[in-house]
Amino acid sequence: MMVEASRVSKLEESIFQIAASEDLDALVRAYLKEEDLSSVDQYGNNILHIAAENNGRNMARGIVALTPSHALWEKKNKAGKTPIDVASPRVKKDLLMISMSNTKVPDHHTLLNKRLLEEKIRKPNKNYKIMMSLDGGGIKALLQTSILEAIERELGDSLNNHIHWLGGTSCGGITSVALGTGLSVEQTRRIFLSARYLTFCGNSGMLPKHDAKGVEDVLRQAFGRFTTMGQLTSQRIMVTAAKVKVAPPQLVLFRSYAPRLPPREYEKYGYMNPDKILAWKAARATSAAPVFFESYHGLVDGAVSCNNPCLALITDFFRLQKLERHKEIKNEDEIGCIISIGCGVEPVVQLGSIDLNLSSPFAIGKDFVNLFGRSKNLFTLFLYQCTSSHEVTVGQTREWAHSLKIPFFRLSPRLTRAIELDTSATDVIFDFMFETEVYIRTQVQEDIKDLCRLLRALPESKTQDYDKTIH
């Protein structure tokens, strides 16, 4: 028998009616209004019971994605049944995926990482600094917030209280600035969810795809019109961009920090004055993805140079230290741990030929279809290269970290399909957020536990006061 929405009390009628429907945007609105998504009806059913029994697969995935800390799939109603027990076959398959355990056989990378981790815990050092980098990936920043929330859930504390260096590219850069201003992971997720239609608003012309006014309004509202990078003092924040008025493109770093030198010397050593960089403008530059948004004063998305900013962050740590030591400024900082958060590993896409063979200008008409198809393949190849963050880069970073005896954690789920960077479709978003929760619960739970043991043992940072920072 289907669970009817009319069975719930009037106080909770709205959220249970939503769960019985397929109105995914209504679920998002309820989440953004901070309604209690863990409430139960008079029969003890939570909203996942209702979605599962009503065969609402997309709704069930969305509920799991937005309420992971409640683990609603494990909760029993008054009849002693969980949502898995009452679910239709296709919903049950999903809920079983997230509830299964998956024991991995550790490889040599993992075994070495565990040994390095135990050494750091046994011999704590007050100079250890925790570094975290966040890849670019457009709307898949929501995936990153799920991973960050899972770490906080295990840690029992805000990550802001444990991270000292934080670097990001594109959406990862926006998240870095958000956390640097004192926003929580949950608040950052709400910004991405609520602002997606304003950000990916389309455009009157063919290109760029979206009017930049939308994203600029969102960033100014979130970070304030006049807040500077220099005011983000709780962590050292680094945001990447690329200068494209020259060839090859040049990596540009917007930092919340600078060497402890007179400001007049900053430029000499390749630093900008953080007190003169508006936080929202740094976020705008790093997210100016070619084709999607127009460039910002000759700057585009940092993904053009490094979609995974981890190596850039490590390099900047040692660069700053070397400069300060050269100037006889005491700097005994050491890297205690490196955390790299990705935006998912997408399936390999098969492309046709990318060769653009043209015997003469007059052949354009005859070969137009082939030329157009191959040009599209070439553009797709370029786009994937700009947004790629795994394989080579991750491997290089891990080897550098391990050679320096630094524990390295890479967290990025494998996705079942490619996701458009600018999608605002709620069902697509719920799909990759759900897949991320499955990944967290079944593949990296032990890694997260190890990471949190290390974070508890190493020196803490502090959280910025958002209300006192933003202006």
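The first residue you see is number 1, and the count goes up from there.
Every residue, even glycine, has its Cβ placed from backbone N, Cα and C.
Of the given residue ranges 73-77, 158-162, 168-172, TrEMBL assigns the label motif 'GXSXG' to 168-172.
Cβ neighbour count for Ser170 (active site, nucleophile) (all protein chains, 10 Å cutoff from its Cβ): 34.
Separation of the C-alpha atoms of Ser170 (active site, nucleophile) and Asp301 (active site, proton acceptor): 6 Å, rounded to the nearest whole number.
For the domain 'PNPLA' (132-314), the model's pLDDT averages out at 96. Of all the Cβ atoms in the protein chains shown, 31 others lie within 10 Å of the Cβ of Asp301 (active site, proton acceptor). DSSP assignment over the motif 'GXSXG' (168-172) gives 2 helix, 2 strand, 1 coil.
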